[in-house]
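**Student:** My questions all concern the structure below.
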């Protein structure tokens with residue numbers, strides 16, 4: 001679980017879309033975030 005609620009939400013949202021890498025809105029945090037979640 002991510003410490004940052006926003007990042008955790010972004011991670012879950014990106015995973016739910018099935019494509020973390022191309023999620024432009026969360027692109028900056030997505031790679032690191034998804035590894036933590």
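Just so it is clear, glycine is given a Cβ too, placed from its N, Cα and C backbone atoms.
The model shown is predicted, which means the values in this text are computed figures rather than measured ones.
Not my notes, these are from Swiss-Prot:
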- 2-37: disulfide bond (DISULFID)
- 2-37: domain 'ShKT' (DOMAIN)
- 6: site 'Key residue for binding Kv1.2 and Kv1.3' (SITE)
- 7: site 'Key residue for binding Kv1.3' (SITE)
- 11-30: disulfide bond (DISULFID)
- 12: site 'Important for binding Kv1.2' (SITE)
- 13: site 'Important for binding Kv1.2 and Kv1.3' (SITE)
- 17: site 'Important for binding Kv1.3' (SITE)
- 19: site 'Key residue for binding Kv1.1 and Kv1.3' (SITE)
- 20-34: disulfide bond (DISULFID)
- 22: site 'Important for binding Kv1.3' (SITE)
- 23: site 'Key residue for binding Kv1.1, Kv1.2 and Kv1.3' (SITE)
- 24: site 'Important for binding Kv1.1 and key residue for binding Kv1.3' (SITE)
- 25: site 'Key residue for binding Kv1.1, Kv1.2 and Kv1.3' (SITE)
- 26: site 'Important for binding Kv1.1, Kv1.2 and key residue for binding Kv1.3' (SITE)
- 27: site 'Important for binding Kv1.3' (SITE)
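In terms of burial and nearby residues, how do these features look in this structure?
**Tutor:** Close to residue 6 (site 'Key residue for binding Kv1.2 and Kv1.3') in the fold, though at least 6 residues off in sequence, lies no residue with a CB less than 8 Å from its CB.
In three-state terms derived from DSSP, residue 7 (site 'Key residue for binding Kv1.3') belongs to a helical segment.
Neighbours of residue 11 (disulfide bond), defined as other CB atoms within 10 A of its CB across all chains, total 24.
Secondary structure at residue 12 (site 'Important for binding Kv1.2'), taken from DSSP and collapsed to helix, strand or coil, is helix.
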**Student:** Provide, as an integer number of angstrom, the distance between the C-alpha atoms of residue 11 (disulfide bond) and residue 17 (site 'Important for binding Kv1.3').
**Tutor:** 10
**Student:** Within 10 angstroms of the C-beta of residue 7 (site 'Key residue for binding Kv1.3'), what count of other C-beta atoms is obtained when all protein chains are considered?
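**Tutor:** Result for residue 7 (site 'Key residue for binding Kv1.3'): 18 other Cβ atoms within 10 Å.
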